[in-house]
Each structure stands twice: as C-alpha cells, then as structure tokens.
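> So TrEMBL says this about it:
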| type | residues | note |
| --- | --- | --- |
| BINDING | ARG64, GLY89, ASP162, LEU163, GLU189 | S-adenosyl-L-methionine binding site |
Amino acid sequence: MAARQPFTDTDTADEAVRATCDDATTCKRFATSKGYWKDPYIQHFVRSVGDRKAPEINRGYYARVQGVNHLLDAFLRKTQCDSQVINLGAGLDTTFWRLKDENLMPRKFFEVDFPTVVARKIHNIKTKPPLSKPIIETHSTDSLLLDAHSLESDRYCIIGADLRDISSLDEKLKKFQLNPELPTLLLSECVLVYMTPSQSSNLVHWAAETFHTAMFINYEQVNMSDRFGQVMIENLQRRQCTLAGVEACQTLDSQKDRFLKTGWEHVDALDMMTVYSMLPQDDVARIERLEFLDEKELLQQLLQHYNICWATKDKLNLGLSQLAF
C-alpha cells in the first residue's frame, strides 16, 4: 500500500482558507437574520443563525454584498444577460438563486472552489428542494450531470478545482461548455489574497487572455501596511491563515496594477468606505437603524481596509468601462 503523503504546510494553509468560507457564510446568515438584506437561500447552507456578530461586521458585509451586486447586475443589464458569470472561490454563495428570482440570469453561471467545499455545496443542493428546484427548472433535459465534485446543468455549473492550477481550471471550464466568445464576468471575493502575487497574476492574466470582452470584480483587503492592517494580518495568522498575496493589497494603486500589468484595458478601485457612501442612501439609513453602532470610527477603519477593484476589456464595445457606482 502506498504511503500517505506527509501533511504539508500548504495543506494546513488551504484548510484555513477553506474555513474562511464558513466564516463568510455564517456572517451573511446572521446579517440577513437581522434584516440587512434578503437572502431566502442562505438558511439552506447554514441552519443556525449562530453567535451575535458586531454591528460593524454586519454593516461591512452589507457594503460588500450590495457593492458587488451593484457591479454584477450592471454588467448583466449591459450585456442583456447574453453573457456568462464565473464565480472564483464561490464557497456557499447564493447569487445564482438570487439572479433567477430577479430574472437576471446569465446564459450560464459557473462556480469554482476547492473540491471539498464543492462537495458540501452539492450535498446541500441535492438534499434541499428549495435549492435544487430552481436548477431543474432552468434545465431542458431529464438528466443533470452530478457527481461528488461537479454539477452541470444548462444554466448552472459547479466545478471542484484549484485556482492555482490554471491549465486544469481552463480544461474543466471548457469541458463544461464555457464559451470564450461570450461577454464574461469573473468574480472573486477574498480569494486572490490567499494566493501568492504570481499565482493571482497568472489567474488574472489567464482571464484577460481567454475572454476578449470581460469584467473582473475583485473584493478584498487594501491599505494593509498600516497598524490596523497589521493587526488584521496577525489575527488571521493566529488561525494558521496566511495572506500570501498581501503585497498586492498595499494600496488601491497596487490593486489596480495587478490588472493593468496582465492585459486588462480599464481598471477602477474604491475602498469600501467610499462604496458605502455611494450606495442608495435611503437603504443605508434603513440598515443603520437596525442596530446601534457605538464606535463609528471602527466601522470607518474596517471599511477603509477593504476595496472593490474592477477591470474591463471590451472588444465588442459594449461600454463596460462606464460601469461604476
């Protein structure tokens, strides 16, 4: 019998990164239970609302969800949904179901994550009719392709893959009918920061090379060289979670450079404090009434240490570079 490969530091690091998927989902579950935004599907991935989360965390997740959705929905409207979406490191995200409910479904919605995360998601979908029914409704034949690490239907596909292995990722996506000719939106939320700068640059470069008309939305940390940023890094290190790509998270310019140097034509980036101030202010006022926030400065510091960076290339001249807040 072959000896088991020794458990490496990379395994430990990857396990810690996989755990961040649970963190994000439980935080979103708590915020939706408080009424920050509506998500009727997240309860099927995380049953219990869990421990109370601080108001600044809830507002941070609200800004993240609303900010990313704003750009994603703008892209789908601009392309009249004649496009595809690839959510890289999707975790237990519920965007596919939201888009179906809102009649904003792209031609196909792809999700990629570690095979163990994908296996959990597929299990939940198989065992929860509110999750499986919308997939079946958008599928034209009797048979869905379903195994432990992949699910494929006409409009929704989940793939287990390592984003650091570009050739395998490319091969798997094409096997499941990815169409390089279609306008494509790529989305990553707190994903690139866990890859080395060269690994994330390779991924971003692959996307620019593969699609002639595309948008890449990246949400993650920024301004990480100050004291607050250092404390964030130390807190994650205590959980064996290393921010291997923190170098690209120093400033908004370093975030933009990663895209400008890898073939993207137009790039914008905003810290989340700015995004928060540009969201529809009537809804911001509504959520600010949900919970009393004692320390406004803490929320401000937190939001100043995350950003949304979005890059476009637009051979079809759809006007993608105009998409903004």
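Quick reminder: no glycine exception, Cβ is built from N, Cα and C everywhere.
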> Using only the Cα atoms of ARG64, GLY89, ASP162, LEU163, GLU189, which the record gives as binding S-adenosyl-L-methionine, return the largest interatomic distance in Å, rounded to a whole number.
24
> So for GLU189 (S-adenosyl-L-methionine binding site), how many other CB atoms are inside 10 Å of its CB?
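GLU189 (S-adenosyl-L-methionine binding site): 22 neighbouring Cβ atoms within 10 Å.
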> If you draw a 10 Å sphere on the Cβ of ASP162 (S-adenosyl-L-methionine binding site), how many other Cβ atoms land inside?
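There are 15 such Cβ atoms around ASP162 (S-adenosyl-L-methionine binding site).
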> Near GLY89 (S-adenosyl-L-methionine binding site), which residues of its chain come within a Cβ-Cβ distance under 8 Å, counting only those 6 or more away in sequence?
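Spatial neighbours, sequence-distant, of GLY89 (S-adenosyl-L-methionine binding site): VAL112, ASP113, LEU163, SER188, GLU189, CYS190, VAL191.
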> Within 10 angstroms of the C-beta of ARG64 (S-adenosyl-L-methionine binding site), what count of other C-beta atoms is obtained when all protein chains are considered?
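There are 23 of them.
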